[in-house]
Amino acid sequence: MNPQANLIFIASLLLGTTITISSNHWIMAWTGLEINTLAILPLISKSHHPRSIEAATKYFLTQAAASALVLFSSMTNAWHTGQWDITQLTHPTSCLILTSAIAMKLGLVPFHFWFPEVLQGSPLTTGLILSTAMKLPPMTLLYMTSSSLNPTLLTILAILSAALGGWMGLNQTQIRKILAFSSISHLGWMAIILIYNPKLTLLNFYLYAVMTTTVFLTLNTTKVLKLSTLLTAWTKAPSLNTMLLLTLLSLAGLPPLTGFLPKWLIIQELTKQDMAPAATLISLLSLLSLFFYLRLAYCTTITLPPHTTNHMKQWRTNKPTSTAIAILTTVSVMLLPASPMILTIV
């Protein structure tokens, strides 16, 4: 893609995100979401492969429907209360419609079907933007309206997302689809705590974004797209693959790593809110996603493919690992000891 065009699209993404995050009026927030959607479409379809065009079409249709619902919910609220302020969403019907719209934008179950397909049809760098930056504006809207939303509905959506995200990722061989289902199950953790402690939702989102960015950038460096190529990728950059193993385990939420921090805080908060059954259930469901993270981690560090057919070994690259990946990996693996400091900030 032409660098000037690329720059325009990235600048539009930043503009759309900034407008949505900083707005108080529903129409401005909706405008930001629309700018975002239109700016990401050329980045999804830039390879001109039929799969990419299909992904861009699916993305456009779902996001357009979700934006229409956001507009409908805010207009209904304005009709009944005379308020266009985002924090003043008080009408119950508007709250339900908005929850559905944001769930569709984020890819929460039962509106998750588009997300794995779109991620599979996009290049890795666009997939990274879709998994992290594109989820920030809807997350901010949820954060601002969290006091008005229906706790039962959000808990049901969260538990279904954690269940289906883990369950449907078990059988995948394409890494982008596995990461899409991982994203869906992480969204479940964010949604369940939203009503009770919205700041924890944001903390979980930020840490998830850091860990996912690390994984996507590492895969982009080693040019790995499916499990069979991951099996022989260790020769290309052994140290980078070792760090990928740790980042994947962190994404799974294993204790001494960063990914354990949000899960631990969320379980603690749910227990304080007398929601121990929900905390137990979502913890058990995260074991499903742990399985496919372990599968990925195993494939990352294996030194001989587990079958007798000859595999072409990759040449080791002499390129040094980029500073961004080094910093992101350090953060996504070693942040747990700093949790008291993070809690004082949050």
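Here, residue 1 is simply the first one shown, and the rest follow in order.
Even glycines carry a Cβ here, placed using N, Cα and C.
TrEMBL annotations: computationally assigned, not manually curated.
Annotation comment: TrEMBL describes 23-288 as domain 'NADH:quinone oxidoreductase/Mrp antiporter transmembrane'.
Here TrEMBL flags 290-343 as domain 'NADH dehydrogenase subunit 2 C-terminal'.
Annotated transmembrane segment per TrEMBL: 5-21 (among others), in sequence order.
Using a Cβ-Cβ cut-off under 8 Å and counting only residues 6 or more beyond its ends in the same chain, the transmembrane segment (56-76) has close neighbours at 26-27, 29-30, 33-34, 37, 40-41, 44-45, 84, 89, 91, 93-95, 97-98, 100-102, 104-105, 111, 114, 117-118, 121, 130, 141. What TrEMBL lists as transmembrane segment is 56-76 (among others).
Sequence annotations record features per position, and here TrEMBL assigns transmembrane segment to 96-115 (among others).
Look at TrEMBL and you will find 152-171 (among others) tagged as transmembrane segment.
According to TrEMBL, the transmembrane segment annotation covers 178-196 (among others). Cβ atoms under 8 Å from those of the transmembrane segment (178-196) belong to residues 106-109, 112, 115-116, 119-120, 127, 131, 135, 139, 142-143, 146-147, 149, 151, 154-155, 157-166, 168-169, 172, 204-205, 208, 212, 215-216, 251, 262-263, 266, 269-270, 273, 275, 278, 282, 285-286, 288-289, 292-293, 296 of the same chain, restricted to positions at least 6 beyond its ends.
Within its own chain, the transmembrane segment (202-219) has Cβ neighbours under 8 Å at 124-125, 127-128, 131-133, 135-136, 139, 143, 175, 179, 182-183, 186, 189-190, 193, 225, 240-241, 243-244, 247-248, 250-251, 258-259, 261-262, 265-266, 322, 324-325, 328-329, 331-332, 335, 342, 346, counting only residues six or more beyond its boundaries. The transmembrane segment annotation in TrEMBL covers 202-219 (among others).
Summarising the annotation, TrEMBL assigns transmembrane segment to 240-261 (among others).
Here the transmembrane segment (281-304) has Cβ contacts under 8 Å with residues 158-159, 162-163, 165-167, 169-170, 172, 175, 178, 181-182, 185, 188-189, 192, 227, 230-231, 233-234, 241-242, 244-245, 248-249, 251-254, 263, 267, 270 of the same chain, all six or more residues outside its ends. Annotated transmembrane segment per TrEMBL: 281-304 (among others), in sequence order.
Residues annotated as transmembrane segment in TrEMBL: 325-345 (among others).
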Take the transmembrane segment (152-171) and find every residue of the same chain, 6 or more past its ends, with a Cβ under 8 Å from one of its Cβ atoms.
96, 99, 103, 108-110, 112, 116, 177-178, 181-192, 194-195, 275, 278, 281-282, 285-292
When you scan the chain for residues with a C-beta under 8 Å from the transmembrane segment (325-345), skipping those not six or more beyond its ends, what do you find?
203, 207, 210-211, 213-214, 217-218, 221, 240, 243, 246-247, 250-251, 255-261, 265
Please give the average pLDDT for the domain 'NADH dehydrogenase subunit 2 C-terminal' (290-343) in this predicted model.
82
